[in-house]
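This report refers to the structure that appears directly beneath it.
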Amino acid sequence: MVSSNGSQCPYDDSFKYTLYGCMFSMVFVLGLISNCVAIYIFICALKVRNETTTYMINLAMSDLLFVFTLPFRIFYFATRNWPFGDLLCKISVMLFYTNMYGSILFLTCISVDRFLAIVYPFKSKTLRTKRNAKIVCIAVWFTVMGGSAPAVFFQSTHSQGNNTSEACFENFPAATWKTYLSRIVIFIEIVGFFIPLILNVTCSSMVLRTLNKPVTLSRSKMNKTKVLKMIFVHLVIFCFCFVPYNINLILYSLMRTQTFVNCSVVAAVRTMYPITLCIAVSNCCFDPIVYYFTSDTIQNSIKMKNWSVRRSDSRFSEVQGTENFIQHNLQTLKNKIFDNESAI
């Protein structure tokens, strides 16, 4: 499908339908399984929950809500027709932005919580409570839903292909970008990306500096290694999933408002947009890795389950070995009796 950005740069972006269909199918399977397992562990397996667990539960719920909309998107990208109505189109768009920026903010909450626990372990006791964590989570949900509301307002289904099919998730008109969306993108990028990015990098740097102080050298190397792994995994997932898309979104907004009209740059930005969006969506699959490295209780639960499985397997092997030993002795005894009878 050849489209235009409102300037003299026609561009064929039809490759995005195949890319979205394949990537969203994979994210649906992996994201559904991993986040369902995570929520089961959080709710059913963990006996003790703290404020970090509260953030992770909300992050998993945000991922699942978006994952549940993926089958509708997959159908649309496969058939290029949206038969599910305007309301479901708006809900799907809202949950996309809610998930992306909700994930960014909840990951930032986890990073700040870790910073307070390690850098100010005693002073932060009154702040790091489950009640305060719940209040923060409610504030995050209101923020991301409020931020995604304008996109929902402007997004709607429309006829395409001589009125033979309905379209959803397609781009907004150039006039809408110039009047409203460019300002909304600026707000979203500042509140939902740049401030959280600065907080994540700053908190991680402060934690690393605290761990390297002579006062903390007495701490076990194992605990320091755990924290270092935690910070590394957290930052890698955050930067890998969200930095490319949000940087490209800024360039895309500039392109749609015709701030620059160089056709080579326009083609590069439009090509990278669906690719970076797919990378951002993959955060649903990577968030459970954050849960594992962040929570000792989750690691212990998984290790306990593996230990119980191995223990049951070893018990089964012992029982089976004992039965084989008894059967072997009985067979030997029978053979001896038979030999004695034959000798008589």
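Backbone N, Cα and C define each Cβ position, glycine as well.
Cys89 (disulfide bond) counts 22 other C-beta atoms within 10 Å of its own C-beta, drawing on all protein chains shown. For Cys89-Cys168, the entry in Swiss-Prot reads disulfide bond, with the evidence type sequence analysis.
Per Swiss-Prot, the feature N-linked glycosylation site maps to Asn5 (among others).
Among the features that Swiss-Prot reports, N-linked glycosylation site is placed at Asn162 (among others), with the record citing sequence analysis.
Residues annotated as N-linked glycosylation site in Swiss-Prot: Asn163 (among others).
DSSP assigns Asn262 (N-linked glycosylation site) to coil, not to a helix or a strand. Just so you know, the Cβ of Asn262 (N-linked glycosylation site) picks up 12 other Cβ atoms within 10 Å once every protein chain is counted. Per Swiss-Prot, N-linked glycosylation site is recorded for Asn262 (among others), and the stated evidence type is sequence analysis.
The topological domain 'Cytoplasmic' annotation in Swiss-Prot covers 47-56 (among others). Summarised as a single figure, the pLDDT of the topological domain 'Cytoplasmic' (47-56) averages 84.
The topological domain 'Cytoplasmic' annotation in Swiss-Prot covers 112-134 (among others).
If you look up Swiss-Prot, you'll see 205-230 (among others) marked as topological domain 'Cytoplasmic'.
Marked as topological domain 'Cytoplasmic' by Swiss-Prot: 294-344 (among others).
Remote same-chain residues near the transmembrane segment (26-46) are listed as 53, 56-57, 60-61, 63-64, 67, 70-71, 74, 281-282, 284-285, 287-288, 291, 297-298, 301-302 (criterion: CB distance under 8 Å, separation of at least six residues from the stretch ends). The transmembrane segment feature in Swiss-Prot is assigned to 26-46 (among others).
Swiss-Prot lists 57-77 (among others) with the feature transmembrane segment.
Here the transmembrane segment (91-111) has long-range neighbours at 52, 55-56, 58-59, 62-63, 65-66, 69, 72-73, 133, 136-137, 140-141, 143-145, 147-149, 151-152, 155, 168-169, 188, 192-193, 196, 199-200, 203-204, 234, 237-238, 241-242, 245, 280-281, 283-284, 287, 290, 294, meaning same-chain residues at least 6 beyond its ends whose C-beta is under 8 angstroms from one of its own. If you look up Swiss-Prot, you'll see 91-111 (among others) marked as transmembrane segment, on the strength of sequence analysis.
What Swiss-Prot records for 135-155 (among others) is transmembrane segment.
The transmembrane segment feature in Swiss-Prot is assigned to 184-204 (among others). A Cβ distance under 8 Å defines the sequence-distant neighbours of the transmembrane segment (184-204), meaning residues of its chain 6+ beyond its ends; these are 97, 100-101, 104-105, 107-108, 111-112, 114-115, 143-144, 147, 150-151, 231, 234-235, 238, 242-243, 246, 249-250, 253.
According to Swiss-Prot, the transmembrane segment annotation covers 231-251 (among others), on the basis of sequence analysis. Tertiary proximity for the transmembrane segment (231-251) is limited to same-chain residues at least six positions away from its ends with a CB under 8 Å from its CB atoms, namely 100, 103-104, 107, 110-111, 114, 185, 189, 193, 197, 200-201, 204, 207-208, 265, 269, 272-273, 275-277, 279-280, 282-283, 286-287, 289-290, 293-294.
Feature annotation from Swiss-Prot assigns transmembrane segment to 273-293 (among others).
With a cut-off of 8 Å between CB atoms and residues at least 6 apart in sequence, the same chain places Tyr76, Trp82, Cys89, Ser92, Val93, Gln155, Thr157 near Cys168 (disulfide bond), listed in sequence order.
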